[in-house]
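> Residues or ranges marked as domain 'Cytidyltransferase-like' by TrEMBL: 6-137. Annotated substrate binding site per TrEMBL: Ser9, Lys41, Leu73, Lys92, in sequence order. Sequence annotations record features per position, and here TrEMBL assigns ATP binding site to Ser9, Phe10, His17, Gly93, Leu94, Arg95, Glu103, Leu127, Asn128, His129, Ile130, Ala131, Ser132, Ser133. The site 'Transition state stabilizer' feature in TrEMBL is assigned to His17.
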Amino acid sequence: MRTAVVPGSFDPVTLGHLDVVARARALADEVVVAVGRNAGKTPLLTADERRDAIAEAVADLPGVRAEIIPGLLVDFCRDVATASGGDVFIVKGLRGGGDLDAEAPMAAMNRHLSGVETVFVVGAGHLNHIASSMVRDVARHGGAIDDLVPPGTADLVRARLELGEPR
């Protein structure tokens, strides 16, 4: 079995992320959307909220599930490989050259630490303008984000902003 791990902070999950997940599913028997905790970022949504939003968004995609990464991505990939009894690889989406500049060193480090390869997929052109940080910014200023995120996620973001941030 070949399992693709699609890692990210997904704060919030966007239609661009879901495009990458669908592309990863075409490459693998199973996809694990892995919600990370980035110490350098203060998230709007909790890890549980992000995982649950992704799970809802991928509910109709067979062979796709969402999990939280408890530590290092490479350790998570090892655990997934052990549980599945198969091969694991990482899939990352690219919107442009800047994404590659940021992702290539991480891919090299992941390969160095564990031998896990990273496959890059180019995002759909009509979604390349969508970034979670922009979605949060638009929402903070009262703008509409419903056409940038999967159903239910816009309401979650608005509710979190009404309750206050950061977490």
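Residue positions begin at 1 at the first shown residue.
Any Cβ shown, glycine's included, is placed from N, Cα and C.
Nobody curates TrEMBL annotations by hand; they come from automatic prediction.
Quick one: where do these features end up spatially?
Cβ contacts within 10 Å of Lys41 (substrate binding site), excluding its own Cβ and spanning all protein chains shown: 13. Secondary structure at Lys41 (substrate binding site), as computed by DSSP, is coil.
DSSP gives Glu103 (ATP binding site) a helix state.
Of all Cβ atoms in the shown protein chains, 25 besides its own fall within 10 Å of the Cβ of His17 (ATP binding site).
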> Can you give me the Cα-Cα distance between His17 (ATP binding site) and Lys41 (substrate binding site) in Å, rounded to a whole number?
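His17 (ATP binding site) to Lys41 (substrate binding site), Cα-Cα distance: 18 Å.
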> Give me the count of other Cβ atoms within 10 A of the Cβ belonging to Ile130 (ATP binding site).
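There are 20 of them.
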> What's the longest C-alpha separation between any two of Ser9, Lys41, Leu73, Lys92, the listed substrate-binding residues, in angstrom?
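Between the most distant Cα atoms of the substrate site, 19 Å.
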> What are the sequence-distant neighbours of Leu73 (substrate binding site), meaning same chain, six or more residues apart, C-beta distance under 8 angstroms?
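Val5, Pro7, Ala34, Gly36, Ile90, Asn110 - these are the non-local Cβ neighbours of Leu73 (substrate binding site), listed in sequence order.
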